[in-house]
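Below you'll find the structure, written out as structure tokens, and then a few comments.
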Amino acid sequence: MTEAVPSSALSEVSLRLLCHDDIDTVKHLCGDWFPIEYPDSWYRDITSNKKFFSLAATYRGDIVGMIVAEIKNRTKIHKEDGDILASSFSVDTQVAYILSLGVVKEFRKHGIGSLLLESLKDHISTTAQDHCKAIYLHVLTTNNTAISFYENRDFKQHHYLPYYYSIRGVLKDGFTYVLYINGGHPPWTILDYIQHLGSALANLSPCSIPHRIYRQAQSLLCSFLPWSSISTKGGIEYSRTM
């Protein structure tokens, strides 16, 4: 596509699911976008298997972007990403894995990538509702454009994966990026526990603890010495404004 893309292109973009007839086009696009060679079975799966959410963005009939994702139980997360969610979440908790997200070069920076990502979120809210707690993906450590895209949309780097990719026989490093949704969160670290404890202590009045201890001691003493009259006026006083 050589013609200039108008700034209003997004208003002419339509969304539809990929189908078997799109295989050749999708192969060509993925060859342009990604350095990884996918087997033919992968293209058949993402265009035919209902377990994949495979959405195309089209402009005047041509595919100019697509997203492929799979919503699955947390038990099916690969070992290297097994700690994406805290162990407190049940085994039937779901996650969404983005296998692919790409936009034709001429149509980048027109909001199409964001539209596709938001469409995935809408799909999750409709099908998985609040059972899906995270959206995650893998990216080459050298793919700064993709990294900036996801970081600008609140994805956080979760893991560094050395030698994760094999590209034309050369091993390349990758990152796992995660966006937590619907209350999802990773396992707590020691720092998280310290911060939580600090937050809890910060909500306590610094003088409320000794004041409570004094009151409890006074009550206990009165129960043993009923003849004793202990006046708070002559005792210890604590300011409530400390």
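Quick reminder: no glycine exception, Cβ is built from N, Cα and C everywhere.
Long-range Cβ neighbours of Tyr97 (active site) (same chain, at least 6 residues apart, Cβ-Cβ under 8 Å): Ala69, Glu70, Lys72, Ile77, Ile135, Tyr136, Leu137. The active site annotation in Swiss-Prot covers Tyr97 (among others).
Take the CB of His138 (active site) and look out to 10 A: across all protein chains shown you find 18 other CB atoms. Feature annotation from Swiss-Prot assigns active site to His138 (among others); the stated evidence is similarity to another entry.
Cβ contacts within 10 Å of Tyr165 (substrate binding site), excluding its own Cβ and spanning all protein chains shown: 16. The DSSP secondary structure for Tyr165 (substrate binding site) is strand. What Swiss-Prot records for Tyr38, Leu99, Tyr165 is substrate binding site.
Sequence-distant neighbours of Val103 (acetyl-CoA binding site): residues of the same chain at least 6 apart with a C-beta under 8 Å from its C-beta are Ala57, Val64, Gly65, Ile112, Gly113, Leu116. According to DSSP, Val103 (acetyl-CoA binding site) is assigned to a strand segment. For Leu101, Gly102, Val103, Lys109, His110, Gly111, Ile112, Gly113, Ser114, Asn143, Tyr150, Glu151, Asn152, Arg153, the entry in Swiss-Prot reads acetyl-CoA binding site, with the evidence type similarity to another entry.
The domain 'N-acetyltransferase' annotation in Swiss-Prot covers 13-182.
For Lys79 (N6-acetyllysine), the count of additional Cβ atoms within 10 Å of its Cβ stands at 6 [all protein chains shown]. As annotated by Swiss-Prot, N6-acetyllysine applies to Lys79 (among others), with the evidence given as similarity to another entry.
In this view, Lys105 (N6-acetyllysine) is surrounded by 11 other Cβ atoms within 10 Å of its Cβ, with every protein chain counted. According to Swiss-Prot, the feature N6-acetyllysine maps to Lys105 (among others).
Lys109 (N6-acetyllysine) carries neither a helix nor a strand DSSP state and counts as coil. Summarising the environment of Lys109 (N6-acetyllysine), the number of other Cβ atoms within 10 Å of its Cβ, over all protein chains shown, is 10. Residues or ranges marked as N6-acetyllysine in Swiss-Prot: Lys109 (among others).
Look at Swiss-Prot and you will find Lys121 (among others) tagged as N6-acetyllysine. Within the same chain, the residues at least 6 positions away from Lys121 (N6-acetyllysine) whose Cβ sits under 8 Å from its Cβ are Ile135, Ile181, listed in sequence order.
Annotated N6-acetyllysine per Swiss-Prot: Lys156 (among others), in sequence order. The number of other CB atoms found within 10 A of the CB of Lys156 (N6-acetyllysine), across every protein chain shown, is 13.
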- Message: Around the substrate site formed by Tyr38, Leu99, Tyr165, which additional residues qualify by having Cβ within 8 Å of the site's Cβ center?
- Response: Phe34, Ile36, Trp42, Ser100
- Message: Fewest other C-beta atoms within 10 angstroms of its own C-beta: which of the binding-site residues Leu99, Leu101, Ile112 fits that?
- Response: Leu99
- Query: For the domain 'N-acetyltransferase' (13-182), what is the mean per-residue pLDDT, to the nearest integer?
  - Reply: 97
- Note on the structure: One finds that other Cβ atoms within 10 Å of the Cβ of His110 (acetyl-CoA binding site) number exactly 23
